[in-house]
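Q: According to Swiss-Prot, the record shows the following:
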- ARG83, PRO84, LYS85, SER86, GLY87, LEU88, GLY89, SER90, SER91, GLY92, ALA93: ATP binding site (BINDING)
Amino acid sequence: MKKRIYAPATIANFGPGFDVFGMAIEEPGDEVIVKESDSFEIEVEGYDVPRDENNVAVISAKALFKMVGEEGGVKIRLKKGVRPKSGLGSSGASSVAGALAAARVLGVDNDELIIMAALEGEKAASGSPHGDNVIPSYYGGFNILESLNPLRVHRVDVELNVVVVLPEVEVPTKEARRIVPEKVPLKDAIKNLAMASSLVLALKEGDIETVGRLLDDNLALPYRKKLMPWFDEVRKAGLEAGAYGVTVSGSGPSLFAIGENLKDIGKAMKEKFEELGIRAEFWITKTGRGAKWY
């Protein structure tokens, strides 16, 4: 019997929470139709991603089979709705969908096993099994990753409206991770700790203006901006249009903003991209549910 799985896109880092904060959004997402098979097969619709066993959905599905010691496989039909190299957790969504596809076939309902399998797909895509896309895509909402081993995740109950602006440029995740130094100045680490702690409190209190003010980062963004030379100008356009805060989603190039008039903010940022010779699109979305099957 065929089973369907949907895994949403995500906003990782969420300002100062490098590799720790992540929020699912309502759209876009990846959908998988899966059925049991003697081997691992995949068909892909939508964005161009590997159509063989190098696809992260297959890697994650295989990982779960191996973890539980089962033979066999799955046939996956992936409707790829999250653009690769967009900063919206494309590989994370496919990895979650693939791991859940295997879980539905195998009858596995252990969250930690499914997440660990999905992280194998994320590792293959980005070079690092970071969980700030996989975990919010799986659980939904706003998540704080305390640790992966053992898996400890904290969730903040929040419904946040955001505008996402996606330019027609790519920032490969592996390159965006490589460019971040292993060590940063102590003052930058202290600043990020202060911003991250304050942002969580502001989210819990519903203080969206303060959340916006804290959408900044001293650990990764100063280095990643070298891959996004347009960032400062587009951010300024969003702030001038009334945004409380604007920053990068994940490793970029997508940006997100919060504020009162999200349509005006998105339009201003899109127009600034176009002034710089870069096509872009924007859409308004909000905190999303996690992966689901039906």
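Just so you know, glycine gets a Cβ as well, placed from its N, Cα and C.
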Q: State the count of C-beta atoms found within 10 angstroms of the C-beta of SER91 (ATP binding site), not counting that atom itself.
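A: There are 27 such Cβ atoms around SER91 (ATP binding site).
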Q: Looking at the binding-site residues ARG83, LYS85, GLY87, which sits with the largest number of other Cβ atoms within 10 Å of its Cβ?
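A: Result for the most crowded candidate: GLY87.
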Q: Let me know how many other Cβ atoms fall within 10 Å of the Cβ of ALA93 (ATP binding site).
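A: There are 33 of them.
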Q: Translate the DSSP assignment of GLY87 (ATP binding site) into the three-state scheme.
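A: Note: GLY87 (ATP binding site) is coil by DSSP, not helix or strand.
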Q: List, in sequence order, the residues of the same chain other than ARG83, PRO84, LYS85, SER86, GLY87, LEU88, GLY89, SER90, SER91, GLY92, ALA93 whose Cβ lies within 8 Å of the centroid of the Cβ atoms of the recorded ATP site.
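A: My list of surrounding residues reads ALA9, VAL82, ASN133, THR173, GLY250.
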Q: Any idea what DSSP makes of ALA93 (ATP binding site), helix, strand or coil?
A: helix
